[in-house]
Amino acid sequence: MTASVTTSVTAHPTAPAPASQRPPADQDGADILTVARREVLDGGRGLDEAGVLAVLRLPDETLTDLLALAHEVRMRWCGPEVEVEGIVSLKTGGCPEDCHFCSQSGKFDSPVRSAWLDVPSLVDAARQTAATGATEFCIVAAVRGPDARLMAQVREGVAAIRAAVDINVACSLGMLTSEQVDELTAMGVHRYNHNLETARSHFPNVVTTHSWEERWETCEMVRAAGMELCCGAILGVGESLEQRAELATQLAALEPDEVPLNFLNPRPGTPFGDLPLVEPRDALRAIAAFRLAMPRTILRYSGGREITLGDLDVQGMLGGINAMIVGNYLTTLGRSAEADLKMLAELSMPIKSLQATL
């Protein structure tokens, strides 16, 4: 781990300054791109925190070259294939945690209300996901961690899906005990999602009901049990560029199989409901920077890409991304699966179940 937890909490976080207002990078654009080409493209070694920060500080005029390099890295170390995933909310709303970006928290005055999905509906959702060509289906629950009732529902749902649908089943159920990790592994859960969300130094500004270290501990248990680990980020929650670089290298140190990149889609009633969207060019720079930090990892487009990038999302596919969620998210709308599959076909990027080459 590369940074210590801060003791002060900022009441009103602000977005990073636009590129035109930022201090110059420690290295000029040509230098860091040369370093990245040698170390990452040729050597397969991710950039360190200083290198990632230099990339995030690059001016707009270098963006085309940066994205091209990140795409080269993705093609060399991951290949042209794209992993497609669908997600479904087994248990929506009423979460006791206070993640400031999330409308499913029971602590905020958001329009999301608690609801459960039954097992036949889970199987139907998995079947619809598989029909798109997707190879991954993730069952998500808005909880701190699963209780006995939820684990029983997941056990039944995973068994029913595996019996009826040819698709990998993943889960995202919050923080786990070692016994729950072992139980999910025994069920045949393919991959477990638990995001770090933001840099360790910024985490107290985003969540106060649990610690960054608790999240890290669950991730380490998942890896130790032999399940694939999906662990990512949400960008635009008031973090600085320095903290984005910190997060990228903390994720790299964890060595997840997959890193989903979310961009804040401000939700009414949440503490971050009035934060600005990440600027599209900054989002693309971040995608490239995370690819250059983790050249061999599955890097997935996740929530917020539509509202953040719009039609520029194709640039992310040509700038380091090699996986995506299709269809809707947990409480927000995504692009149609048909539109995303058409984009992949036009880019000649075949759909395939992926493994990180760590």
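Residue numbers in this text run from 1 along the chain shown.
For all residues, glycine too, the Cβ spot is worked out from N, Cα and C.
Positions annotated as compositional bias 'Polar residues' by Swiss-Prot: 1-11.
Under the heading region 'Disordered', Swiss-Prot lists 1-27.
As annotated by Swiss-Prot, domain 'Radical SAM core' applies to 80-305.
Of all Cβ atoms in the protein chains displayed, 25 besides its own lie within 10 Å of the Cβ of CYS102 ([4Fe-4S] cluster binding site). Here Swiss-Prot flags CYS95, CYS99, CYS102 as [4Fe-4S] cluster binding site, drawing on sequence analysis.
Residues or ranges marked as [2Fe-2S] cluster binding site in Swiss-Prot: CYS138, CYS171, CYS230, ARG300. With a cut-off of 8 Å between CB atoms and residues at least 6 apart in sequence, the same chain places GLU83, GLU85, CYS230, GLY232, GLU258, VAL259, PRO260, LEU261, ILE321, ASN322, ALA323, MET324, ILE325 near ARG300 ([2Fe-2S] cluster binding site), listed in sequence order.
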Rounded distance in angstrom between the Cα atoms of CYS171 ([2Fe-2S] cluster binding site) and CYS102 ([4Fe-4S] cluster binding site): 18
Beyond the site residues CYS95, CYS99, CYS102: chain residues whose C-beta lies within 8 Å of the centroid, for [4Fe-4S] cluster: GLU97, ASP98, PHE101, SER103, GLN104, SER105, ALA142
Segment confidence, the domain 'Radical SAM core' (80-305), expressed as mean pLDDT: 95
For CYS230 ([2Fe-2S] cluster binding site), the number of other Cβ atoms found within 10 Å of its own Cβ: 28
For the [2Fe-2S] cluster site built from CYS138, CYS171, CYS230, ARG300, further residues of that chain with CB within 8 A of the site's CB center: GLU85, ILE87, GLU136, ALA170, SER172, ARG191, TYR192, ASN193, GLU258, PRO260
